[in-house]
Amino acid sequence: MGFGTTEPWLLMREFLREAGGCAVIDGGLATELEANGADLNDPLWSAKCLINSPHLIRKVHLDYLEAGANVLITASYQATIQGFQSKGISKEESEDLLRKSVEIACEARDVFQKEYSKDSHNVEDNEATYKQHPILVAASIGSYGAFLADGSEYSGDYGEAVTLETLKDFHRRRLQVLADAGADLIAFETIPNKIEAQAYAELVEENNTKIPAWFSFNSKDGVNVVSGDSLIECASIANSCKRVVAVGINCTPPRFIHGLILSIQKVTDKPILVYPNSGERYDADKKEWVLSTGVSDEDFVSYVSIWRDAGASLIGGCCRTTPNTIRAISRALHEEYDVPQTSVP
């Protein structure tokens, strides 16, 4: 299922209806790439695999689809033309790598759907299967801070030299390439501050971007985005952009999500998406996750019904979550068995 150019918000509502009222977003990519043997000790991070091990990306996408994901997020979060060029890769080759991130995800979707159809005995079964498991490909665009690879995506502090125009110039061509690569929507992820949200909103309008987008912010206090800017102001920017079909939160500890959903609801009627991290803290100086601060899959999934009841309609996982996490989320959302309740502070 893809989005057209007319009334994209209606098509998102239809996608959610086909998914059973609440869709499942995939989980952490880098975590799984490393588990499958990838070495991501590089400023390009997961985007490094676009160059030397695309087969691992495809495998991880398939693992998440088999776990129940309805939305695949491409391996382009850390993939920027500027970042590739810093490695001696030409502009043309850099743009090809961006396109490749979308192609790999689309290929995984095709493979998964063909395998599903083999298990069905007639056309009606096939059609029912697709309706039960619609799949969208979301082309990921990480923040300017992600390109810097200095932890500023978790602080939103870019310094006074970085202006609105700086950010628009940085993201413009990358957005154009990914929007034309065959994805269903653009996922602006881990947005750390108001100025970058404004840059994205203006770029989407100025470029008349062909596919819709979602805006997803991150928070470390459960009130504001990580820079300290008001989440409500940031969500309002997303809400005012006609091409934005969902607004939400990612890469944020699970314990903060419920309150953040309620805040976003104050300023938008658009679908709300949440895909928290495992609750672990990222140490930007050491460039590693602090293991002792996370929650188990069981504890993570115990929040799912709370988030759904609060108004979230797309739910998944971010850093350090796995196909096991996503499988449990899918079951919690679609099999209607009792999920242990976690009290909300």
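Using the three backbone atoms N, Cα and C, a Cβ is placed for every residue, glycine included.
What TrEMBL says about this one:
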- 11-333: domain 'Hcy-binding' (DOMAIN)
- Cys251, Cys318, Cys319: Zn(2+) binding site (BINDING)
For the Zn(2+) site built from Cys251, Cys318, Cys319, further residues of that chain with CB within 8 A of the site's CB center: Gly28, Thr190, Asn218, Asn250, Thr252, Tyr275, Pro276, Asn277, Ser278, Gly317, Arg320, Thr321
Long-range Cβ environment of Cys318 (Zn(2+) binding site), under 8 Å and at least 6 residues apart: Gly27, Gly28, Thr190, Asn250, Cys251, Thr252, Tyr275, Pro276, Asn277
Least surrounded among the binding-site residues, given as Cys251, Cys319, when other CB atoms within 10 Å are counted: Cys319
